[in-house]
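Participant: Sending over a structure as C-alpha cells; questions will come in a sec.
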Amino acid sequence: MKERLEQIKAEALKQIQNSDALDKLNEIRVSYLGKKGELTAVLKSMKDVAAEERPKVGQMVNETRQEIEAVLAQAKEKMEKAVLEARLQNETIDVTLPAKKNNVGHRHPNTIALEEVERIFVGMGYEVVEGPEVETDYYNFEALNIPADHPAKDEQDTFYINGDFLLRTQTSSTQVHEMEKEKLPIRMIAPGRVFRSDEVDATHSPSFHQVEGLVIDRHITFADLKGTLAEFARELFGEDTKVKFRPHHFNFTEPSAEMDVSCFKCGGKGCRFCKGSGWIEILGCGMVHPNVLSMSGIDPEKYSGFAFGVGLERIALLKYEIDDMRLLYENDIRFLKQF
Ligand SMILES: [Zn+2]
C-alpha cells in the first residue's frame, strides 16, 4: 500500500512539473484528488486493509494528499505570476508618446473688443447696463425723438414682430429705460445686439452689436463729450490718436456729430487702410436732444447730457485689420483662433 501511494505521488509531481497551463493543473487535481481520483480510489480500497493497519494507511493517504496539494498550489502561484508578468510586459505604457491634445477655446474678436471698450469706460466711472432685444415702437423710436411718420424709421429697415413690438434697431432704447428710473446723474454704456433688415455684405449684417453711451448731469457740455471720446480713442487706438468731429444729424441729439480718428496705420499721412484720407470714421455722438430728456421726465433746463454710439464689429474689424465683417459670424475656428 505504501509503495502504491509513493507511486501515485511521484506520478502526480511529475505531471505537475510538466504542465504549462492553469487548466492542466486543474485536470491533475481532479485526476488524483477528485471524487473519482486515484487517491480517493485508495481510500475506497481501505476495506481490504486489516483493521489495525487502517489508521496508519489513512494517515499516509492524507499526507500524500497534502503533499500533492502543496505542490499544486505552488505551481499554480508560479504560473499566475508568470501570466501577470507577461501581461505587464505587453501592456507597457510608453511615456514618450505625445499626450492627447486638450483644445481650449478663446474669446471671439467681438468679445475682446467689447471687453476693451468696457474696460475703458468703467475706468472713467461708467456703469454697464443691458436692455431688452425686443422693444416697443415707443422705446426704439418715439422716445428717441423719432415720431411715427419720420423718414428715419424707414432708413433703419426694422424687423417688426407686430405693430407694437420690434427687434431693436439701436441700443439707444436702453438709455430711455435708464432715464425713466429718474436716478441722476447717469453715466452708462449699453452694449448689445441690434437688428436691421440689411442684406449681408462685407460691411453689413442683419444682426450686429452696438455700444451706446450716455451721460446726464448738470452743466454737461460739448467739451465733456469731446474730452471723453478723445480719451476713449487714445486708449483704444494709441496715445498719438487724434480725433475730428464732423457735423451730422441724429434725431435724438442736437447738435450731432460723427467722430473720426487719425489713421493708426499711417498716423494721418494717408494709406490704403484709411483710403488715403488719414482719417477713419468711428462713431456718432451729440448732445442729448431736449425733447428726449423731457419725454423721459428729465428737465432740460436743469440737466444736459451727451450720447454716443459705436459699432462693436467696426472696432473689431479696425483693431484686427479684418476686411470682411462676415468672417466674424462664420465661426470658422481657423479664422477665429488668430486673435
Ligand atoms: Zn492710413
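Backbone N, Cα and C atoms are what each Cβ position is placed from, and that goes for glycine too.
Curation does not apply to TrEMBL; its annotations are automatic.
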Participant: Can you check which of 61-92, 285-316 TrEMBL lists as coiled coil?
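Facilitator: Comparing 61-92, 285-316 with TrEMBL, coiled coil matches 61-92.
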Participant: Below 8 angstroms Cβ to Cβ, which residues of this chain, lying six or more residues outside the coiled coil (61-92), approach it?
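Facilitator: For the coiled coil (61-92), the sequence-distant neighbours (Cβ-Cβ under 8 Å, at least 6 residues beyond its ends) are 5, 8-9, 12-13, 16-17, 19-22, 25, 28-29, 32-33, 39, 42-43.
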Participant: Near Glu254 (Mg(2+) binding site), which residues of its chain come within a Cβ-Cβ distance under 8 Å, counting only those 6 or more away in sequence?
Facilitator: Gly286, Met287, His289, Pro290
